[in-house]
Amino acid sequence: DFCQAEGKKRPSENLGQVLFGERIEPSPYRFTFKNKETCKSVCTKTYDTSKPEDKQKLDFLKKSMLLNYQHHWIVDNMPVTWCYDVEDGQRFCNPGFPIGCYITEDGRPKDACVINSEFHEKDTFYIFNHVDIKIYYHVVENEALGARLVAAKLEPKSYKHTHPDNPDCSGVPMDISNKANGEVKIAYTYSVSFEEEKSIRWASRWDYILESMPHTHIQWFSIMNSLVIVLFLSGMVAMIMLRTLHKDIARYNQMDSTEDAQEEFGWKLVHGDIFRPPRKGMLLSVFLGSGTQILIMTFVTLFFACLGFLSPANRGALMTCAVVLWVLLGTPAGYVAARFYKSFGGEKWKTNVLLTSFLCPGIVFADFFIMNLILWGEGSSAAIPFGTLVAILALWFCISVPLTFIGAYFGFKKNAIEHPVRTNQIPRQIPEQSFYTKPLPGIIMGGILPFGCIFIQLFFILNSIWSHQMYYMFGFLFLVFIILVITCSEATILLCYFHLCAEDYHWQWRSFLTSGFTAVYFLIYAIHYFFSKLQITGTASTILYFGYTMIMVLIFFLFTG
């Protein structure tokens with residue numbers, strides 16, 4: 001319940017912003033370039049606590065101050081930042097500023113109340129109803145006369161204006177006692193000044209927000225950590241390939257008589273069963289198709305993000321890019337699913353194509369739709385309008401599905417993948433397995449290494465989704481992505497080799513699930529993050545958090561698998 005802009009058109013958002021729940025509203029604060037204003041009144045809100053609807057609005061304001069809700073303002077596509085000193089003489093720039101703050105009953109200031117010693121009344125809320133805005137500009141010399149805005153900073157202040165019609169912006173702060181009754185008047189005011197800033201170029205005007213987030217040294221540490229894991233795994237794989245396989249093949253080549261060949265051991269014993277089609281081959285081929293689609297989508301999106309096309313300045317660009325790519329990549333999904341299904345000896349090609357185009361996207365869409373219903377029921381602005389839902393369905397049915405069919409057509413037309421050895425008629429008996437080569441322990445162990453590579457990045461990504469921090473380290477993320485792909489592949493190859501040596505030839509599902517199990521660790525981490533980092537209360541919010549997390553987990557499962 002703040003000041004509203006009268007009769008102004010809302011700016012339109014792109015697909016990515018709509019999906020992420022970003023809505024931009026016009027504001028009643030009007031500036032004219034180089035026109036200094038001091039203590040200009042915007043509007044006055046009056047709350048009469050004896051009226052129930054006014055009391056409800058005031059209670060909501062109090063609750064939002066207690067939970068440290070933030071204003072996010074934009075000037076010329078720049079976030080208006082509030083910069084303040086933190087320890088070690090560093091300045092931290094927050095791309096938002098709090099609505100207000102609260103002093104507890106035992107006189108402890110919470111959150112932003114520490115900035116001013118005048119905030120000292122116990123059990124009292126202080127609302128930031130005045131802002132000092134400073135806009136920095138850079139005069140363009142060589143072009144036609146004009147200037148560009150390069151930064152916008154503000155200082156939130158609190159004043160109890162004695163004459164709201166003619167405010168003077170001085171005196172005591174605006175306090176709202178928790179037990180206050182009667183009439184509460186809050187007058188909103190602002191001051192704005194313009195200052196020339198020659199040192200900031202227009203192209204690099206986002207830097208000062210990013211500089212205040214000192215995470216880069218943690219990043220390098222995590223990258224080194226991941227590279228050590230990769231080197232270790234690569235060494236193991238290379239050693240196995242070179243030593244054992246080389247030795248075995250050399251032994252085969254020098255055999256003259258056939259009677260020596262009877263004494264086979266290890267993985268050579270299962271050559272007659274190794275290409276036996278897996279159980280539930282249909283589902284596996286569908287997962288492989290969807291996984292390929294997500295893998296290519298992630299790779300291309302991150303590649304573009306590295307080149308700087310999807311910086312935070314283009315709001316919602318990342319999400320838009322990912323959705324469009326996913327829709328256009330139906331063809332590889334159909335092709336991969338069809339090739340594998342055919343090589344598994346499957347006959348029901350229509351079912352295969354339909355499942356590839358509808359199973360995984362259908363689960364994601366259903367989850368998303370339920371989350372949207374909850375948002376809609378709560379009356380949240382993040383709820384996606386009906387038109388956008390129809391647009392997403394149209395993209396899926398009219399572009400993605402036909403492309404999947406085209407891919408499947410080419411996949412089924414090609415000859416099935418040729419196997420180098422014939423499969424025996426009678427399945428071989430699998431000997432008793434030790435604890436390590438049983439399916440479950442192997443799968444659980446397989447997911448640990450890839451997760452170890454990504455979990456530090458995961459923290460920053462979750463922060464940027466749930467705590468509204470800027471995420472800009474796409475270079476790091478791309479590196480981690482490549483490392484993750486290598487780690488998943490190598491861990492799976494390694495474990496697959498051990499299983500084959502133990503004469504267990506059910507390797508198809510197991511190799512998919514070995515890396516795919518990383519997603520389970522991701523889920524456990526997300527649950528830990530929920531309880532340790534977020535102060536989310538309320539059933540709806542909790543359901544939303546876990547609903548969106550499940551979408552991410554499913555996508556991640558298909559991608560790693």
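Each Cβ is built from the backbone N, Cα and C atoms, and glycine gets one as well.
TrEMBL lists 220-242, 283-310, 316-341, 353-376, 382-412, 443-466, 472-500, 512-531, 543-560 with the feature transmembrane segment.
When the stretches 220-242, 283-310, 316-341, 382-412, 472-500 are ranked by Cβ pairs under 8 Å to the transmembrane segment (543-560), first place goes to 283-310. By the Cβ criterion (distance under 8 Å, sequence gap of 6 or more), the transmembrane segment (472-500) is not counted as touching the transmembrane segment (382-412), fewer than 3 such pairs being found.
Sequence-remote contacts of a segment are chain residues at least 6 beyond its ends whose Cβ falls under 8 Å from one of its Cβ atoms, and for the transmembrane segment (316-341) they are 13-20, 22, 281-282, 284-286, 288-290, 292-294, 296-298, 300-301, 304-305, 309-310, 349, 352-353, 356-357, 392, 395-396, 399-412, 414, 416-417.
A contact links the transmembrane segment (443-466) to the transmembrane segment (512-531), because at least 3 Cβ pairs that are 6 or more residues apart lie under 8 A.
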